[in-house]
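Marked as region 'Disordered' by Swiss-Prot: 1-20. Annotation source Swiss-Prot lists N-acetylalanine at 2. Sequence annotations record features per position, and here Swiss-Prot assigns compositional bias 'Basic and acidic residues' to 7-20. The SUMO2 cross-link annotation in Swiss-Prot covers 13. As annotated by Swiss-Prot, region 'Involved in splicing regulation activity' applies to 93-153, with the evidence given as similarity to another entry.
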């Protein structure tokens, strides 16, 4: 049943994104987990009903952009407001084929600079209600890891 539902939603997403009327559409609860070491959480931290302790709960909509989410995180973590702070976003989702979670990096933003991923939305990255968002925050005085995609998951 869940597989059928996911296929139907993927077919719907092939159409151009329709703007969401935030006055009439109920927001979703986005569970966000952050690190300040530039690396995403390990997938085993999400196992057996457990989640990392660094959780933010944000009410938002599927058309929320990475830049908008960056601003909300900076409200909670003043040290992340420094110009040059790097935010790397990943969706953490339940793997339907085998037990456990998987991660999909979706983009990055930087405090004080415009970037190509700023206008990327949750909806455009196939975020599903119930997925988590993991944000690896790198302070400006440290370079972000060369590529988190090289890490085996």
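In case you wondered, yes, glycine gets a Cβ from its N, Cα and C as well.
Residue counts for the region 'Involved in splicing regulation activity' (93-153) by DSSP state, with H, G and I taken as helix and E and B as strand, are 6 helix, 23 strand, 32 coil. Looking just at the region 'Involved in splicing regulation activity' (93-153), the mean pLDDT is 83.
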